[in-house]
Structure formats: structure tokens, C-alpha cells
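As annotated by Swiss-Prot, topological domain 'Extracellular' applies to 1-7, 68-81, 145-173, 246-257, with the evidence given as a curator's inference. Look at Swiss-Prot and you will find 8-32, 45-67, 82-104, 124-144, 174-195, 224-245, 258-279 tagged as transmembrane segment, backed by similarity to another entry. The feature topological domain 'Cytoplasmic' is assigned by Swiss-Prot to 33-44, 105-123, 196-223, 280-289. Annotated disulfide bond per Swiss-Prot: C81-C158, in sequence order. According to Swiss-Prot, the N-linked glycosylation site annotation covers N171, on the basis of sequence analysis. Annotated N6-(retinylidene)lysine per Swiss-Prot: K267, in sequence order.
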Amino acid sequence: YLVNPAGYAALGAYMFLLILIGFPVNFLTLYVTLEHKKLRTPLNYILLNLAVADLFMVLGGFTTTMYTSMHGYFVLGRLGCNLEGFFATLGGEIALWSLVVLAIERWIVGLKPIRNFRFTEDHAIMGLAFSWVMALSCAVPPLAGWLRYIPEGIQGSCGVDYYTRAEGFNNESFVIYMFTVHFLIPLSVIFFCYGRLLCAVKEAAAAQQESETTQRAEKEVSRMVVIMVIGFLVCWLPYASVAWWIFCNQGSDFGPIFMTLPSFFAKRPAIYNPMIYICMNKQFRHCMI
């Protein structure tokens, strides 16, 4: 054991709680939306993609972590580590790129840079395809030999190898690629879109260019997406910051808990994403009831 056995028990209980809550609420989000035709809007396709990403994390990652925590180390070998690391990375990246698509959609709706443009089902499908391609371009390379997945922290789960410069894996180039293409760029796009959108909302409110009902509806949707983005940052920034510090300070002395805490803190989006959607979408709540 790298830590007191009680720590593994606490981790297993935490993962069980995430599974107990995360699976039903994400499955409910998918079921209710697919069951009610009026909920099958282009915007909701992207929100459904978030639910699918969360289910990948719950079924492919959380269950594995709970099982290994019961043994006190990662007992599933190289194949199990690759699968767990792949599903966790894929789910997180699908969620991030879905938020990018939502931010662009909100920017187009709010600022109307393209006159007479409507966000249609075809655009939503292209957005879904884009989020999956980008997520796979981050999650697949470690399986193909560009970097690798290894047990991290207290060895309860697997993640990207920020810790070593193992020969033959080109860890440095992949970590730089991952942080640039799959973290800094999407966050920059999100901040740009919402920064511009905030200015546009203020200008529209001052000029009263749209009806009060339309403004209220657009503000509610934008508020929901912004809260999802903030929640994503709160959960993932600590993990990204610690991972980057470890990568830049390899050889430094740090304990297993140092990486474990932000790693498992980052798993909470699987719960709060559907919660935000359910709590802030009146139409969905009415269909659910």
C-alpha cells in the first residue's frame, strides 16, 4: 500500500458514490431527451453528447477505479490500465470539445456574425463529429506508442504519463501537444466566445433590439452553458496545473496523494453536468415529470 488502507477504502466509497449518482442521472438525461420529440433540438444534441461522455467515464473509468481501490493497487495489468486511461481521457475530452461547440453556437446566436444563420441539426451533427475526432486524437495516441497510460497517484487509476521521460514514447512532445491543442486552445476559444457574447448581450439589452422573451430565453441557455464551463474549469484546472508542474519538475519529491486528489476531484463533472442541465432546463424538467 502506498497510503493507509483506509485511504483506498475512502477512494472506493467515493467512486461508488459517483457511480451511484452519475449513471442514473446521465442515463435519465439520454432517455428523457430521446423519448420526447420536442427535446430533440440541435442544441440538445450537444448536451446529450456531454451525457454520453459522462457515461464513458462512469462505465469505463469509475467502475475500474472502484475495483482496483478494493485491492490497494492497479490489479488489471497493462490492458486494463490502457482501457481505463483511454475511457477517462476520451470522456474528459469529449466534454471539453462539446463545451467548445456550445460556446461557438452561443456566440453565433448572440452576435449573428453570419446573417440569417440558423443552428440546425446538420450543424449539431458536425459539432458532435468534431468533438469526437478531437477527443480521439488525444485519447488514442498513448495506445499507439506516443506517450503511454500508467497507474498514477496511489495507483488506483491510470492516466497520461506526465511523470517520466521514458525512452521510445516521446512523452515531452505529446504532453506539449496535449496541453496546447487539447487544453489551452479550446479554453481560449471558449473565453473568446463568451467574452464577445457578454458584450453583445449588454448592447442588445441597452438597445432593446430583441423582444424581452427572446432575450430571456437566450440568457437562460447561455447561463446554463457558462455554469457548465465554470464547473469544468473548477474540476479540471487543479489536475492540469498539478500535471504540468510534475512534467516541468520531474525528479522532484512529491507524495502519491499530491496527484491523486486533483485526479479524483476532476471526475465530478460526470455528476454535475446532467444536474445543471436538469435544474436549469424547465422544458426538460416538465418532460421528466
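Including glycine, each Cβ sits where the backbone N, Cα and C put it.
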Q) Who are the chain neighbours of the transmembrane segment (82-104) in space, where the CB to CB distance is under 8 Å and they lie at least 6 residues beyond its ends? A) 43, 46-47, 49-50, 52-57, 59-61, 64-65, 76, 127-128, 130-132, 134-136, 138-140, 142-143, 149-150, 157-160, 182-183, 186, 189-190, 193-194, 225, 228-229, 232, 236, 266-267, 269-270, 273
Q. What is the Cβ neighbour count of C158 (disulfide bond) at a 10 Å cut-off, with all protein chains included?
A. 30
Q. For N171 (N-linked glycosylation site) and C158 (disulfide bond), what Cα-Cα distance in Å is obtained after rounding to a whole number?
A. 16
Q: Indicate whether C158 (disulfide bond) is helix, strand or coil by DSSP.
A: strand
Q: Do me a favour and check the Cα-Cα span between C158 (disulfide bond) and K267 (N6-(retinylidene)lysine); whole Å is fine.
A: 13
Q: Check the transmembrane segment (45-67) against each of 124-144, 174-195, 258-279 and return whichever range has the most CB pairs under 8 Å.
A: 258-279
Q) Do any residues of this chain, six or more beyond the ends of the topological domain 'Cytoplasmic' (33-44), have a C-beta under 8 angstroms from a C-beta of it, and if so which? A) 102, 105, 119-121, 123-124, 221, 283-284, 287
